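**Student:** Questions regarding the structure given below will be posed in turn.
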């Protein structure tokens, strides 16, 4: 049951990343190759090495559409999924996959948030809004919202995906 939940969350992330990725690569299906990586990169996970087909899935994503990897990491917070950025950044070296800089998403293995990826901070929840430096610390700055059309297409894809998953149970 827990595996099905993790797979569902990862699939929704993949569907959302497909909305924003280049049209030449189908990120939604490509990221599903990395479903076994989620147990390793989820914040608070005690898994010490990637499981199952994680590394072969990572290799497929890096070879086919490395930008999809970054999109999945960036969109994970919108689903309430918090990632351990140190583990996420270490995936290529742990899996012995040569990843181009675009597949590293600006993440550093030390866990320090890079200047190029402010939405991926290990100190705040991945979905937490950023705080303005001049504002009261209790007042969050509104994040830009996606258009209603994009939200509708993700919702429709989610309904289709859930129907598919429920047919197996």
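A Cβ is built for glycine as well, from the same backbone N, Cα and C atoms used for every other residue.
As the structure is a computational prediction, the values presented were derived from the model and not from experiment.
What Swiss-Prot lists as disulfide bond is 27-70, 37-54, 55-95, 68-105. Taken from Swiss-Prot, the feature GPI-anchor amidated serine covers 146, and the record attributes it to sequence analysis. What Swiss-Prot records for 1-23 is signal peptide, and it gives sequence analysis as the kind of evidence.
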**Student:** Just checking the disulfide-bonded residues 54, 55, 95: which sit within 10 A of residue 68 (disulfide bond), CA to CA?
**Tutor:** none
**Student:** Can you name the residues of this chain that are 6 or more positions from residue 95 (disulfide bond) yet have a C-beta less than 8 Å from its C-beta?
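**Tutor:** Within the chain, residue 95 (disulfide bond) has Cβ neighbours under 8 Å at 50, 54, 55, 58, 59.
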**Student:** By a simple count, how many Cβ atoms lie within 10 Å of the Cβ of residue 70 (disulfide bond), its own Cβ left out?
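**Tutor:** Step by step: centre on the Cβ of residue 70 (disulfide bond), count other Cβ atoms within 10 Å, giving 21.
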**Student:** Taking only C-alpha atoms and a 10 A limit, tell me which of 27, 37, 70 are near residue 105 (disulfide bond). These are the disulfide-bonded residues.
**Tutor:** 70
**Student:** What count of other C-beta atoms do you get within 10 angstroms of the C-beta of residue 54 (disulfide bond), across all chains shown?
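**Tutor:** Cβ-Cβ neighbours of residue 54 (disulfide bond) within 10 Å number 23.
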**Student:** Please report the number of other Cβ atoms within 10 Å of the Cβ of residue 68 (disulfide bond).
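**Tutor:** So the Cβ neighbour count for residue 68 (disulfide bond) comes to 27.
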**Student:** What Cα-Cα separation, expressed in whole Å, is found between residue 27 (disulfide bond) and residue 37 (disulfide bond)?
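**Tutor:** Residue 27 (disulfide bond) to residue 37 (disulfide bond), Cα-Cα distance: 16 Å.
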**Student:** Fill in the CA-CA distance, residue 70 (disulfide bond) to residue 37 (disulfide bond), as an integer in Å.
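**Tutor:** The Cα atom of residue 70 (disulfide bond) is 14 Å away from the Cα atom of residue 37 (disulfide bond).
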**Student:** Run through the Cβ atoms and count how many others sit within 10 Å of the one on residue 55 (disulfide bond).
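**Tutor:** Summing over all protein chains shown, residue 55 (disulfide bond) has 21 other Cβ atoms within 10 Å.
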**Student:** Restricting to the same chain and to sequence separations of six or more, state which residues have a Cβ under 8 Å from that of residue 37 (disulfide bond).
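**Tutor:** When sequence neighbours closer than 6 are ignored, residue 37 (disulfide bond) has 50, 54, 57, 58, 91 within Cβ distance under 8 Å.
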**Student:** Would you find the one among the disulfide-bonded residues 27, 105 whose Cβ has the most company, meaning other Cβ atoms within 10 Å?
**Tutor:** 27
